[in-house]
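Asks: I am attaching a structure below and will ask some questions about it afterwards.
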């Protein structure tokens, strides 16, 4: 592998600009070589002066890069030292509390089952668990910094070696010895000491001296490009997707030849539509994950996933393919129900019952940690006012806004099975009398409108909670206003529908109000998508017209196509309303909803790419590469004060004025070293050495 590719694959994305600009140096060298005057047409002194002038410029650029790297490394090292002192402080406090309560200095007592612990012991147990996670993330940050150190030194060595080869000189090697090999970022070995001390603390204080268990906890995932999935996972993805495609073709033929034309099919479509949307969402999320990895968007950090254990795009494809097969088989079973002894209404219940069991399965199988993470996140979303809202929380709530049809179809299924289904009839399609009342699919009894508002309500209260935590009216209250427009839209749509059915003369008033609020909501959400969520139309965009100053994805056309797509699908409701109002054929609304629901999932799929890109660029601006985890986090007031200081011109950016404050703060974090630190061992991450000149 060429070193340029190796560097690109192994850098920490959030620190990209702080690495040696290896490609720029290569371009300088090759450009100088191509533009050099030929000895055949000019004298030798002119050639020497040309290369001397170039070398002066080249080494000046090297000095700037070296100064940049030294400064960044020193800042991150100081940050790591402060963080380590804080973690030591918290660990020692936990040990002291435990010593006072139990008289035991080790943590072996916590192995008692959690449900047998007192309230104080439960709190202590959670603190120890949080400390383990905090040390694990801190260790990852140390390895990333050590990787930064090694990659930059290798980059200087490679580019100076290339310089000497092209210019046929040894001044590059001399410059490396004089400047690079004595640079603080290379000579400072404190990072190795911190790594060793962290291993010792985790081994002796948190894992009772079991180094193997400690190192398993601290294990760092491979740094660099996404690792290939296991062969069996790849095989299952191909197998499931292939079977799913074949079954879909079979479904089409079965629908044409087996459906009974004297029965309405809409109960069946409404019941199975939600399952299809969920499968589509999982598959598109797999494409999202693949695209983020390829572009260097660190979604693992953004969602605060465990970097040592999370689902890859292949795992998501596997789950989507497997559920897709079950969905197809269940629907086929409904088509062939007349020749089966099993009642038709059993098949949808079996399908969705299995999906629910797959999610809540308590055994540590079938991606247990990922399922538990999702359940915990869903709990946080539905109890939003009582928790601080993180990115993953409001991201999932946004996904639910695009999957509202699933909730409405779930409500319909419950209502249908409760009130409209004829349980004594087991043949044919799910029975539904076209001439009889069909109130489950209408707004008549009010529940449907409430269910339709649930996703928007979740985001609305999340925005209010974020305003409570930060006291910032913009963007949080303004964002809450955006979601509140959904309440008016749904309310007037329900009033229009019910009044029109009952032939009230004022139904047109509600229709105009419905259209008016649809326009307001679409304009509001469209502007928020493009400007706030995606960060586009930045006045400092420069050559990236109508975009932003920095973009991650390689082609500008992606952004322009996404803007057009978002405009079209945000106003797709105009087609739905136009056709529904002007056409009096039955179930036209169902047909339009069935067509546009997958398109809304696709719109959210595109939205995900640029929303996470914008969040990734925010992390890059803060050089945030790992999760911030603490047993004693800042309270809301302290967090707000810190954010305000960061926004001020004389805040944390002005390091000279606040040096005394930082010094005092670092002093307050000091604590006598734990005894376990004297047993530290060295641990290094080996960076592939690409010495072969052909690979540079």
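In case you wondered, yes, glycine gets a Cβ from its N, Cα and C as well.
The shown structure was predicted, so the numbers you read here are calculated from the model rather than taken from an experiment.
What Swiss-Prot shows for this protein is this:
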BINDING   398, 401, 482, 483, 570, 603, 604  phosphate binding site
DOMAIN    439-643  domain 'EXS'
INTRAMEM  366-383  intramembrane segment
MOD_RES   668  phosphoserine
MOD_RES   690  phosphothreonine
REGION    672-696  region 'Disordered'
SITE      573  site 'Gating residue for phosphate transport'
TOPO_DOM  1-228  topological domain 'Cytoplasmic'
TOPO_DOM  297-309  topological domain 'Cytoplasmic'
TOPO_DOM  384-388  topological domain 'Cytoplasmic'
TOPO_DOM  535-553  topological domain 'Cytoplasmic'
TOPO_DOM  627-696  topological domain 'Cytoplasmic'
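How about a rundown of where these features are and what they're close to?
Replies: A C-beta separation below 8 Å, combined with a sequence spacing of at least six in one chain, links residue 483 (phosphate binding site) to 456, 457, 459, 460, 463.
Mean model confidence for the domain 'EXS' (439-643) is a pLDDT of 88.
Among residues of the same chain six or more beyond the intramembrane segment (366-383), those with a C-beta under 8 A of the stretch's C-beta atoms are 305-306, 309-311, 315, 319, 358-360, 392-393, 396-397, 400, 458, 462.
In the three-state DSSP scheme, residue 573 (site 'Gating residue for phosphate transport') falls into the helix class. Within its own chain, residue 573 (site 'Gating residue for phosphate transport') has 518, 522 as residues 6 or more apart in sequence whose C-beta sits under 8 angstroms from its own.
Residue counts of the topological domain 'Cytoplasmic' (297-309) by helix, strand and coil are 4 helix, 0 strand, 9 coil (DSSP-based).
Using DSSP to sort the residues of the topological domain 'Cytoplasmic' (384-388) gives these counts of helix, strand and coil: 3 helix, 0 strand, 2 coil.
Within its own chain, the topological domain 'Cytoplasmic' (535-553) is flanked in space by residues 295-297, 559-560, 563, 609-610, 613-614, 616-617, which lie at least six positions past its ends and keep a Cβ under 8 Å from the stretch.
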Asks: Excluding the flanking five residues on each side, which residues at least 6 beyond the ends of the topological domain 'Cytoplasmic' (297-309) place their CB within less than 8 Å of a CB in that stretch?
Replies: 13-14, 136, 140, 219-221, 288-289, 291, 369, 373, 390-392, 395, 552, 612-613, 615-616, 619, 624-627
Asks: What is the total of other Cβ atoms whose distance to the Cβ of residue 398 (phosphate binding site) is within 10 Å?
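Replies: Other Cβ atoms within 10 Å of residue 398 (phosphate binding site): 20.
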Asks: Below 8 angstroms Cβ to Cβ, which residues of this chain, lying six or more residues outside the topological domain 'Cytoplasmic' (384-388), approach it?
Replies: 397, 458, 461-462, 464-465, 469, 636
Asks: Which residue counts does DSSP yield for the topological domain 'Cytoplasmic' (535-553) in the helix, strand and coil classes, in that order?
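Replies: Across the topological domain 'Cytoplasmic' (535-553), the residues distribute as 0 helix, 0 strand, 19 coil.
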Asks: Just to confirm: which same-chain residues, 6+ apart in sequence, have a Cβ under 8 Å from the Cβ of residue 603 (phosphate binding site)?
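Replies: Spatial neighbours, sequence-distant, of residue 603 (phosphate binding site): 402, 565, 566, 569, 570.
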